[in-house]
Amino acid sequence: MFHKSVLCLKKLNCASPVKHLLSAMLYSDVRGLFFILYNVAIVASQGYPVLDADCDKLYPKLWIQYAPRGNASAGLYVKYPNINSVNLCLESCCSSHKCNVMFMHGKDCFHIKCFSNEECIPMYRTDLRNISMMLVAPLPPQTNWAEVLPDEMIISDFSPREEDDMIMSAEPNYYLSRDKECELGIELNCGKYEECVPQSTAGNRRRSGVCECLEGYVRNEVGYCERRDISSKYDATPSSPSQPIRPVNADSDATSNKSLKPLLVSVVSKTVQLPEDEVTLSAYVVPPGGENYVFNWILISQPKGGNSGTMTDKNGDSLKLSHLVEGVYQFNVTVSAPGAYGETNATVTVLPPRRINKLPVAIITPKYQTVKLPKNVTVLDGSTSYDDDGIISWHWDLEKGPLGYQPILDDSSTLQLKDLKIPGNYTFKLTVEDTDHKTNFTTANITVVKVMDYPPEAYAGQDVIVFLPVNNVTLNGNMSTDDKGIVSWEWTKSPSNQDKAVDMQKTRTPYLELSNLEEGMYTFVLKVTDSSGQFSTSDVRVFVKPPTNKPPIANAGEDVVVSLPRTWVTLDASRSSDDIKIASYHWKQISGPSKVVFTPSNASKTNASELTRGVYELQVTVVDSDGNATSDSVLVTVNQNENAPPKANAGGDQTIVLPVSVVVLNGSGSSDDLAIKKWEWIRDGSSLTLGRVISDSDKTPILMLTDLIPGRYVFRLKVTDGQGLSDEDTVSIIVKPDPYLLHLVELTLNIEGSSLTVAQEQSLEANLALLLRDATIHVRELRREQNTGRAVLVFYVGQHDDKTILSGPQVVKILKEKLKRDSGLLEVSVANIQTAVCQNNCSGHGSCDQSTRLCLCEAFWMQNLIRKHFGDGDSNCDWSILELAGGLGSGSGFTLIHSGEDSAVRVLNKSVMVSESETDSDVLFNRRDKSNGDTRNGNRPRNGFIKLGRRIKT
């Protein structure tokens, strides 16, 4: 009976309290065992849910007959009509980030989103029945409910849950009866805050007793012990307007005044394997009730495609299921009777049909192969073997092989053989094993053959003839061959030549170097050996002849006369001769008005170019194979029948965009029939005058310019030959302004430019990028200030991979504001920050002076002194002198001096007459045209001239 009870309990999906109660069974008799089993069932089915979700902040206690302190105003109540059990309600609350408290009212599941942690503290309710709650997750900043609950309500042995703890508290605290029997001396029989005391029956000598609360604790309405002050502190009856969620049917109203008797309902989950698709679930109830119990089976979940299943006897104690498909079915059964209720869940797991195992298939690739020595390595691949479920092992064996061959074979899918040195036949066997430990095998054959090794064939080369004084030669034996390769070379003198003196070097290589040969015949023997020790020899003879003492005869050809503009001539020395052979030719210039270029200079025929007017003496030297050399000269006369003028070529027109440090004009393409004697670059009258010529380059073929400004430059190249004839060519340069001119910023540092280091510059650029929010700093120039010598950094700022270029005033404004708050942000002292060009529009009534950055106001306009000295400090032309004069009540009159292009101007003030004493000597204000201000801000008028406006006399 004991073992059957243990097996029964193992099948229950119980929480941790059940496990602790189970240990008490070791000390119980039959009566106590039934009592414990009964209480275990209550805990498993009613009191403690089994948590499958991950609730790190869950407080491990089910608060039965408790409701939030704030009642309906504690938070937002959300009802889940499809959930009717504590387990599922808690699991769904744990998986929702909007759920702080799980609340059960009968079978109704509610998620509470608390307005505050204090309003959701559990409060015992004496006026409500069939309610329970669990604290899931507190509101921040609290991380667990132990920080919120009063000390009296905290479980003393509670500790934070471990990551793998998926169940509830380990202490049972829910019993039906206050007279729970126990055995004296065994504390496990009683619950928390309880002790086993002997029964007061007279003459009772048994060790049995009853569980009672410890001193200072009382048993509450649900049967567990708690401290007295908790009941007195929290047993408050709220007013009717603050009642929590009320029951929604008549049954729950009836149970609000009378508690239901819990029933132990157990169902053993089943597992079947297809093709079997029928199963029966049976519900067992404690205590047995006969025919008074009402059963109701409900399908909670089913596998996808499981709609074909059939349920029979849904209202009986046994549910018959048929036509099941692969997957997991979950059912809920409720058992009710007058005054009693119980429920539980059960699962049916349908496994797929059992697989019919097939034998594995062993495959070796290649199945047959031949290995030819000296190669002794090969591979057998068994990885293509296959099985319906998978291969778990490979095993290789040598079934047949030559005598003395004992290999070490690795049990892997691929076998590598490295020692097949013995000719013969080898048979290897591969055995494969599948997951069901079934095996199969196959074999592969390897034939190792010894290939015929032929002896080498030596070849010392052809016989050689040399003439003294040449006394050295190199013999070449690299034409020797062998089928397997030659491993050694050896040169020796023939025994018949042992008395002849000669120096031999590199005798162990294919190339024999001979020196200090004497007149006569030498015979040398080449011996080559292959890897098998086979060898072959070959002889070669060297004939050393006495010198002929006949030098070659050089012939440079006939003298040549050409006329300009032809500047080249072909020379031919191929009629030179020698008694044996001419080995080399060499041409050189002896005299002439200019340097001659020979192409090539070491051949019998050559092309002499770059000739000019005059007479040239050119010489050829021929050398024979004995080293004898002779020379011959040829005269080349270049005449000028008619002087042609030179042709000037200044190069093409150019368009450049500032900034450019140097502009180069190349006139070297100019030409003359003789030679150009003079180069001269002349600036045209229509050209801009600014721009500097570098190092008198205007008197050379290549003109170099610097310090250019936007506009058009025109230069004429004049070339003159030796007879005074000249030619000119014109070239223009269009210089476009810097597209980033209005984006450039000048940062003047309080540091000498000569002492600024590369590290300081890099640090400055990095700090600028940080101040401008990770912008890209493009340094345009780093120079010294002209008067002070301080370092000036000129740059512009790009953002978003240079898709956006910040304007200069914007960058200046940002840097000034940040440096005003903290001048040390750049780690170097800053003297001034300004745009590269003045971009002050001077209120639209003046122009900005580039050097002083001050506004030059138009006539009758002046600076707003208040803004200048008390405002932003920018130079401006805000004030109208006429308006100021009118405001002061001055009776001054103003008239316009008429010009031919201006219309008549009426008197500005009718009350003031024009004085007859006004003359041309009165003060004149020349009103500048609007283009004047634009000129100073980067928009230059054509040709640099400014048209003046009307003159105004006051």
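In case you wondered, yes, glycine gets a Cβ from its N, Cα and C as well.
Here TrEMBL flags 50-136 as domain 'Seven cysteines N-terminal'.
Residues annotated as region 'Disordered' in TrEMBL: 233-254 (among others).
Taken from TrEMBL, the feature domain 'PKD/Chitinase' applies to 265-353 (among others).
Annotation comment: TrEMBL describes 361-451 (among others) as domain 'PKD/Chitinase'. When averaged over the domain 'PKD/Chitinase' (361-451), pLDDT in the model lands at 93.
Per TrEMBL, domain 'PKD/Chitinase' is recorded for 457-547 (among others).
The annotation domain 'PKD/Chitinase' is assigned in TrEMBL to 553-641 (among others).
The annotation domain 'PKD/Chitinase' is assigned in TrEMBL to 651-738 (among others).
If you look up TrEMBL, you'll see 925-944 (among others) marked as region 'Disordered'.
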Whether the domain 'PKD/Chitinase' (553-641) meets the domain 'PKD/Chitinase' (651-738): three or more C-beta pairs under 8 angstroms:
yes
How many of the residues that make up the domain 'PKD/Chitinase' (553-641) does DSSP mark as helix, as strand and as coil?
0 helix, 50 strand, 39 coil
Sort the residues of the domain 'PKD/Chitinase' (265-353) into helix, strand and coil with DSSP and give the three counts.
6 helix, 54 strand, 29 coil
